[in-house]
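Have a look at the structure below before the remarks.
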Amino acid sequence: MAFGDDDILSIPFKYFVICIGGLPSSALLICVILSLLLHFDQATSTHCEVANWLPSISAAVSTYTPEKYIWRILIGLHIGPRLVVAIAFRNFLLGSPLRPLTGHKRLRFLCNLACFLNLLENFFLLALTSISSSEDHSLHAKCFGGFAICSIIYMLLSTWLFNETGRRTATNLGQRSHEYKILGAAIFVLCFFLGAYLYWRHNTYCEPGIYTLFALVEYSAVLSNIFFHCTLYYDFHGKNIVLTSSFGGGHYNLLPTQIDKDT
């Protein structure tokens, strides 16, 4: 891509997707492996002492060192790009050439709501990362509930908006992105309710192996959430986020105001 006179920085959008997908998935994988290798007995223990072979996400990422530091660093690093992408996706939807000709105020409100939910999801994720269940179980549980609710509503709303604004049919990759969004959202919602059931069943009946299944469902929920957000690769395929001066006189926009295609 050629730089204009007022362009300060240009970053291919695919690197943002690598960051928002690669950092949290790597953090989860590393922390689970380390907890199994270094703290197997502690990380897999349960309150009723039944057989369990996998740590829950909370046990794997927020209880022992060095796992909790790896998790906090990698999640913290990926939050910044997530915030930028949340606003960029909102502008992407509103800028669709195939958006409806009527109901502009309603559409803008829903796009703003989706963006707000996405930002709030990241806030709750950051709070979950900073406050472990062992430090403040009540607050940690509330943050998890907020994260899950915001995630589900955002996934469903943004997928609907992607179709409603015409982005699904605007490019050849739009249909693929839409299908992957539906897949990621469906798996996340399924994992949420299945995880709640397994958690209840474990605490009620204390059956061997149930908490292991719960942990697997937790991992699947996290990975499906990451997968959903990585569909942005298709939405912004071949594009760059450009930092540019407002008037060519040294006043700079801190958020992406121009998304150009590679030339």
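Placement of Cβ uses the backbone N, Cα and C atoms for every residue, glycine included.
According to Swiss-Prot, the transmembrane segment annotation covers 16-36 (among others), on the basis of sequence analysis.
What Swiss-Prot lists as transmembrane segment is 69-89 (among others), and the listing cites sequence analysis. Same-chain residues lying 6 or more positions outside the transmembrane segment (69-89) and placing a CB less than 8 Å from one of its CB atoms are 16, 19-20, 23-24, 26-28, 30-31, 34, 61-62, 115, 118-119, 122, 125-126, 129-130, 158, 229, 232, 235-236, 241, 255-256, 259.
Under the heading transmembrane segment, Swiss-Prot lists 109-129 (among others).
Residues annotated as transmembrane segment in Swiss-Prot, with sequence analysis given as evidence: 143-163 (among others). Proximity of distant same-chain residues to the transmembrane segment (143-163), defined by a Cβ-Cβ separation under 8 Å and at least 6 residues beyond the stretch ends, is recorded for 89, 93, 107, 110-111, 113-114, 117-118, 120-121, 124-125, 127-128, 131, 174, 177-178, 181-182, 184-185, 188-189, 192, 225, 228, 235.
Long-range neighbours of the transmembrane segment (180-200) within the same chain, counting only residues 6 or more positions beyond its ends whose Cβ lies under 8 Å from a Cβ of the stretch, are 148, 151-152, 155-156, 158-159, 162, 210-211, 213-214, 217-218, 220-221, 224-225, 227-228, 231, 234. According to Swiss-Prot, the transmembrane segment annotation covers 180-200 (among others).
Positions annotated as transmembrane segment by Swiss-Prot, on the basis of sequence analysis: 208-228 (among others). Note on the transmembrane segment (208-228): residues 20-21, 24-25, 28, 32, 46, 50-57, 151, 155, 180-181, 183-185, 187-188, 191-192, 194-195, 198-199, 201-202 of its chain, located 6 or more positions outside it, place their CB under 8 angstroms from a CB of the stretch.
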